[in-house]
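Written out below as structure tokens is the structure these notes cover.
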Amino acid sequence: MSAACRGAVRTLRVPGCHGYAAEFSPYLPGRLACATAQHYGIAGCGTLLILDQNESGLRLFRSFDWNDGLFDVTWSENNEHILVTCSGDGSLQLWDTARATGPLQVYKEHTQEVYSVDWSQTRCEQLVVSGSWDQTIKLWDPTVGKSLCTFRGHESVIYSTIWSPHIPGCFASASGDQTLRIWDVKTTGVRIVVPAHQAEILSCDWCKYNENLLVTGAVDCSLRGWDLRNVREPVFELLGHTYAIRRVKFSPFHASVLASCSYDFTVRFWNFSKPDPLLETVEHHTEFTCGLDLSLQSPTQVADCAWDETIKIYDPLCLTMPA
């Protein structure tokens, strides 16, 4: 593994590890988790990488191996050492970064690849939601060895499951069935179905500043914003990517700024309130860019990872300049 710092970009190269997801720690500034898979996730094992950054670049703090590709990762919201990953073998894994071995627990109920996992951000609950290619979503309490309930309704694979940062017990999901769906754990039924694209939807996220606003990213190369109070038409559409959008994240610091990464190898930054919404295009990967996160600690810091075996942390120009 080699780390380099080119300008403002800190890079770690991890041979044999193709990046699928990156997530900053909500507790420790500069700590990053990255879920990876061998052989582009088609076969082989997976590795969870825990990275720390310093003045000279990125360093590997700890790594954990699993016997199948790891496709997503989420940090605990109540313990700085705990993470959950999800895997191609249909399982979720609970890890402790304070221990060199693991996992602490494995949850195996999905019957196909688990592509998404997210830990609830509202403090009154400790819940994890997972989305699978078996067309189901499962709700978990990490202290309980089995799922609490299963949500059915999607008619194709589920790529993304994201908790609302505003409403306890509410989460969104995005699927190959071309819909965005909003769910409530108290009813175990779907609340809202949005026919958001005429293509598979690979990612969705909630706005941190508006409980009714979500964004979807799809195989049709478009990003669309949705106001849950009226879902007949998108409130914005962002065009510019040339291949499928793999992941989209709203900024924690700017109400109308978001970032997206794509199979076109780029990361793009947008301000959907502007007439010309594309702020910046970052082209520093040579393969599909799958993982993306914006730091909760620094208003300017971004992390991404790609199939080119590199993980990068950087400060895009558009986030370092005044709005």
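From the backbone N, Cα and C atoms, a Cβ is placed for every residue, glycine too.
These figures come from a predicted structure and were not determined experimentally.
Feature annotations, reproduced from TrEMBL:
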REPEAT    107-150  repeat 'WD'
REPEAT    151-187  repeat 'WD'
REPEAT    194-230  repeat 'WD'
REPEAT    238-280  repeat 'WD'
The repeat 'WD' (194-230) versus listed stretches 107-150, 151-187, 238-280: most Cβ pairs under 8 Å: 238-280
Helix, strand and coil totals (DSSP H, G, I; E, B; other) for the repeat 'WD' (107-150): 0 helix, 20 strand, 24 coil
